[in-house]
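Visitor: Dropping a structure here in structure tokens format, bear with me for questions.
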Amino acid sequence: MAALLRSARWLLRAGAAPRLPLSLRLLPGGPGRLHAASYLPAARAGPVAGGLLSPARLYAIAAKEKDIQEESTFSSRKISNQFDWALMRLDLSVRRTGRIPKKLLQKVFNDTCRSGGLGGSHALLLLRSCGSLLPELKLEERTEFAHRIWDTLQKLGAVYDVSHYNALLKVYLQNEYKFSPTDFLAKMEEANIQPNRVTYQRLIASYCNVGDIEGASKILGFMKTKDLPVTEAVFSALVTGHARAGDMENAENILTVMRDAGIEPGPDTYLALLNAYAEKGDIDHVKQTLEKVEKSELHLMDRDLLQIIFSFSKAGYPQYVSEILEKVTCERRYIPDAMNLILLLVTEKLEDVALQILLACPVSKEDGPSVFGSFFLQHCVTMNTPVEKLTDYCKKLKEVQMHSFPLQFTLHCALLANKTDLAKALMKAVKEEGFPIRPHYFWPLLVGRRKEKNVQGIIEILKGMQELGVHPDQETYTDYVIPCFDSVNSARAILQENGCLSDSDMFSQAGLRSEAANGNLDFVLSFLKSNTLPISLQSIRSSLLLGFRRSMNINLWSEITELLYKDGRYCQEPRGPTEAVGYFLYNLIDSMSDSEVQAKEEHLRQYFHQLEKMNVKIPENIYRGIRNLLESYHVPELIKDAHLLVESKNLDFQKTVQLTSSELESTLETLKAENQPIRDVLKQLILVLCSEENMQKALELKAKYESDMVTGGYAALINLCCRHDKVEDALNLKEEFDRLDSSAVLDTGKYVGLVRVLAKHGKLQDAINILKEMKEKDVLIKDTTALSFFHMLNGAALRGEIETVKQLHEAIVTLGLAEPSTNISFPLVTVHLEKGDLSTALEVAIDCYEKYKVLPRIHDVLCKLVEKGETDLIQKAMDFVSQEQGEMVMLYDLFFAFLQTGNYKEAKKIIETPGIRARSARLQWFCDRCVANNQVETLEKLVELTQKLFECDRDQMYYNLLKLYKINGDWQRADAVWNKIQEENVIPREKTLRLLAEILREGNQEVPFDVPELWYEDEKHSLNSSSASTTEPDFQKDILIACRLNQKKGAYDIFLNAKEQNIVFNAETYSNLIKLLMSEDYFTQAMEVKAFAETHIKGFTLNDAANSRLIITQVRRDYLKEAVTTLKTVLDQQQTPSRLAVTRVIQALAMKGDVENIEVVQKMLNGLEDSIGLSKMVFINNIALAQIKNNNIDAAIENIENMLTSENKVIEPQYFGLAYLFRKVIEEQLEPAVEKISIMAERLANQFAIYKPVTDFFLQLVDAGKVDDARALLQRCGAIAEQTPILLLFLLRNSRKQGKASTVKSVLELIPELNEKEEAYNSLMKSYVSEKDVTSAKALYEHLTAKNTKLDDLFLKRYASLLKYAGEPVPFIEPPESFEFYAQQLRKLRENSS
């Protein structure tokens, strides 16, 4: 063995290098390439151990089979989405807990199988999940699961390659599964799958796990003949092999052999040696080795120490566990690792050791109720731990305050697992502690017996309830007991006979609900007549509705309804029998489908007529609801029959007289000649000239008719002059604007344009004065405003204007015109970095944090400091960051700075700091920088150093590395990544596999895996490439890098240089550059590039995304005419614009009052609305808004009314949403329009029973803070309160928004009956929790509990999280699962009930 290893010394050194020589990498079976056999279509091979599958079924596959099984585009897309979803679910579980629950893996497996088509990634994902990620399963169960997955996916068409075999090997190793490595190799060769380095490494490990050194030597010999490098993983396996063969001396000597071969033993090798000592119970050698490691530069993580603990425990030496636990540093990643070890120990029946580790976990016990031990207790229940042990564990967990209610939780687990005997024993223990036992505790036990109709089992559980002093409630009887018997009477008799009927009245009411739901209306009528107890119609309504639908006896329908209407026992609500029965009829019809109503039309007609003869009446507003339902069900003939029940049949109301308005004259000259007002027409003409960029003519027109100019015309002219860089003209126009109306306000974009041009021309004080005016006049600040300020400041910074940057920034922030964000504070540091003044740059960055809590450009400052060796300043920066933002942030800042500057040794020390964990956003940020700057070595080091970083997404890291290799055309390095992915057992996403395959193909290399098919055609292939008159790769590469770095000016300068030298890039480069430049500051340059590309590349066009961005930019710059033209061009090219782009155009036209162009856009998009995802209401709302803007309010209202009341409706009334129109009218303070809209909405409600508009208007009033107006509207139109679905949807949407608790509360105060709705008080609690309003949340909870309202788990979970956040005790047992779990549970419950 030693000779084999030493002879491979030169190869080991080669393997340790970042890149092997090309000659070595092309050797057959080398680390980078596979044998020619592996290039054949991969066989659908089965597991190779133990003859799991027959050879015929394992290896039969033909190349043409792939053609037969080709999938459609839609199917491929579905499979891709399916894999992404599965990966996301499993990845999330691993990141959060370090493990995968069996149920989740089973669900992903089942869903994947149901999808019908499978790629290699699906199989790889599922196989790799069957090892150590399943600590809750026994080892043999894990392997069995893996084999089942292999068999099933093979039948479904999965194609296996070497990565799948390697994954199966990994599972075998993790599960200690015994198999024949030689048979495994033979099966692979039969399947035309060539083993690679990873395969051989894992086969060696399999021999070593059973102490077979001879077998390992054979595999090592194979590796030598194939010139494969022997890595540390092989040496670590050999340590284990010698130890398990009883040869500890040679196990220790492996470390010496490693050093002789040029490899220094790493943490993995020492861990193998430590585990070997632990398996022998040799605590002394373990301690000595740990001390040796501590003195070296190596670092063993807590998870490594936990593995040593497991080795001691499993080998029968639990007495040494405490000594190893003392050495645990409790890194942040420790908890999930410890939890997984605890689960594994319980699985191995080592519960006492598991408890010892659990009690040693560093869990805070001062943050309110704790449930940390829940996972341990639940798994103990699953593994059938004796009840005596369980109660003892619960007692210990409670004593140390690690779990606030361990017994109750364990009981909960036993009930869910249907472990009856354990549950009963635990209930007794819970009761002995003084806690009440509720009826619903027994439901999980009853449900199984109900399914089996096990009467004796039901009786035993009911007796058990009596023993514990628990009486069944109505739900228990209705849902679980009565369904087991032939009838309610037989159930009563048998229960009485067995002494299980403790509350006869409770059972009677439950029996009524049960028989009603089953359609036994004879029983219901008889019961209601003879009953002496008051029963609320509300309590039996849902059961009665089911019964009515299941019985066709109209006489019974009528008699029961009459009894409910006339008997005071059943209609005790304040609203009286008329309204109660009215709502019952409405709910009856609403609960039916349209086909059911049509089938029962005659029965319903008879029902209505019989009720009319019985003098049963319903309110008018409820009749209207019924009428709308009947219309939507296409049975209008029933409306007249339902109308018979209305209390007052006078449904005619006086129509409100509509007002009229004058029409505008056609031309300015005609108006002037007739000596009539011309202001409106003059303004419109100014606006048109501005849109055409005709500045000279617009200014001439202004001078000619100056006395008739209005503020809107001046505003447009100011903006035009700013665009043309005419600073003096803009200032003069602004002065005239102020003289005309000192209170007038420009819109935000025009103010920003004016500030920008003033700052650019050095008029700093004028610019600051404009900023002050923006504040004084309370100008609306948009999202784009802060970005515009940044560009203005950054331009000054690059020019080195320190005082300009400082004063403008201070003015903007002090006046509150922009948040002092990191982005807007960048120029403050940039101006000093440009001058090389690092000390001042750091001081300014620190000053920004002290003032604004942002730290701009700290990475760039640190890199400069590291490069200059400014240790004092580095220490100062790090001390500050650590103190203010925490040690984790400081470590990442320093890590990235060291990486960026090539100080990899220091970077390694940082990333190995105990407790550090992956911050995905920060890692991705640095990866993007490396890719954009083409920093290959830096990114490679990042990927290498983060290999063992907790929660690091290794696939994403390798994907970033491959992106860089793709740019550089480096297939050799990309090929090495494929081996590393397998070595690390990483599950590659489809995008990673596609990218790797693309790189290999571009290098004329074979692809050694099945490539997932694309469901779409990549945009870049649709761009027409052009052969340049002169090719200059450096220019093109530079411009692409500048684009990735978001360096607009730099990219544009490269374009100009290339243009001067007559260099033409390909179409894709120009598209990227145009998209980059398409911002407010560089729009002109973007159009210049576009024009150049169009004249130099035949057929050049922007793609859908770029054109959509162009449209949005044109709208933002108020180039509406150009935006409409661009939209037309996009559609002519058969492209699909984004919904956002189209919506922005329409909304901007509406704000200008441009009805004509909105209609033009509508015609252009005719038939394309669905593909864009554009609602017809976008046009309806904005055309109406445009008409209102033109003071043509009556026309807007008339159009809306016609659409809602005509027979041929464009949109059904219930979907006719006018909320946008109402909101804009209210925001713009268009009072005449608000008044007329209110009249229209009320008229539609009162005359036509169309309540959607008035309800939308009511809600918009509330949302705008006009609560008194909303209250008055509600008093005039009470039907608003009955539009429950609309109201609840509004509450739900607002509960998701920050700062909307007052809005939600206002709606509930105005409509108190909504408070009874579960969705309503859930929304209110959600709002309180988001705003951390503990006092209001407490009041809500106390109010609901006082009314005995049944609160769902999601409500309680939210409330509990708020109390814990505030450091207050939780007055109930907090639901143990996640928010997502309870939200999904509630969603399913509602879907089932509907």
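Any Cβ shown, glycine's included, is placed from N, Cα and C.
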Visitor: By the record in Swiss-Prot, which of S115, S662, S1026 is the one labelled phosphoserine?
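Guide: Record annotation (Swiss-Prot, phosphoserine): S1026.
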Visitor: Say a student had to find the N6-acetyllysine annotation in Swiss-Prot: which of K224, K613, K1128, K1338 would be the correct pick?
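Guide: So the answer, going by Swiss-Prot, is K613.
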Visitor: Test of record reading: of K155, K1075, K1236, which one does Swiss-Prot tag as N6-acetyllysine?
Guide: K155
Visitor: Determine, using Cα-Cα distances only, which of these modified residues is closest to K292 (N6-acetyllysine): K187, K226, K463.
Guide: K226
Visitor: How long is the line from the C-alpha of K226 (N6-acetyllysine) to the C-alpha of K750 (N6-acetyllysine), rounded to the nearest angstrom?
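Guide: Taking the Cα atoms only, K226 (N6-acetyllysine) lies 72 Å from K750 (N6-acetyllysine).
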Visitor: I'm trying to understand the geometry here, so how far is the Cα atom of S1138 (phosphoserine) from the Cα atom of K726 (N6-acetyllysine), in Å to the nearest whole number?
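Guide: Cα-Cα distance, S1138 (phosphoserine) to K726 (N6-acetyllysine): 35 Å.
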Visitor: Return the count of C-beta atoms lying within 10 angstroms of the C-beta of K187 (N6-acetyllysine), excluding that atom itself.
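Guide: I get 24 for this one.
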Visitor: Would you mind reading off the Cα separation of K726 (N6-acetyllysine) from K750 (N6-acetyllysine), to the nearest angstrom?
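Guide: So the alpha carbons of K726 (N6-acetyllysine) and K750 (N6-acetyllysine) sit roughly 14 Å from each other.
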Visitor: Out of K613, K726, K750, which of these modified residues shows the lowest number of other CB atoms within 10 Å of its CB?
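Guide: Checked K613, K726, K750; of these modified residues, fewest Cβ neighbours within 10 Å: K613.
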Visitor: Return the member of K155, K187, K463, K750 nearest to K613 (N6-acetyllysine) in space, with distance defined Cα to Cα and candidates limited to these modified residues.
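Guide: Sorting the modified residues by distance from K613 (N6-acetyllysine), the top entry is K463.
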Visitor: Write out how many residues of the repeat 'PPR 1' (126-160) are helix, how many strand and how many coil, based on DSSP.
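Guide: Its residues fall into 20 helix, 0 strand, 15 coil.
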Visitor: Take the repeat 'PPR 18' (1138-1175) and find every residue of the same chain, 6 or more past its ends, with a Cβ under 8 Å from one of its Cβ atoms.
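Guide: Beyond its ends, the repeat 'PPR 18' (1138-1175) has Cβ neighbours at 687, 1104-1105, 1107-1109, 1111-1112, 1115, 1118, 1120, 1123-1124, 1127-1128, 1131, 1181-1183, 1185-1187, 1189-1190.
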Visitor: If you run through the repeat 'PPR 13' (821-856) with DSSP, how many residues end up as helix, strand and coil?
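Guide: Helix, strand and coil residues of the repeat 'PPR 13' (821-856) number 29 helix, 0 strand, 7 coil.
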Visitor: Spatially, which candidate from the modified residues K187, K463, K750 is nearest to K155 (N6-acetyllysine), comparing Cα atoms?
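Guide: Spatially nearest to K155 (N6-acetyllysine) by Cα position is K187.
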Visitor: Report, in whole Å, the straight Cα-to-Cα distance of K750 (N6-acetyllysine) from K463 (N6-acetyllysine).
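Guide: The separation of the Cα atoms works out to 80 Å.
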Visitor: K155, K226: which of these modified residues has the highest Cβ count within 10 Å of its own Cβ?
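Guide: Output for this query is K226.
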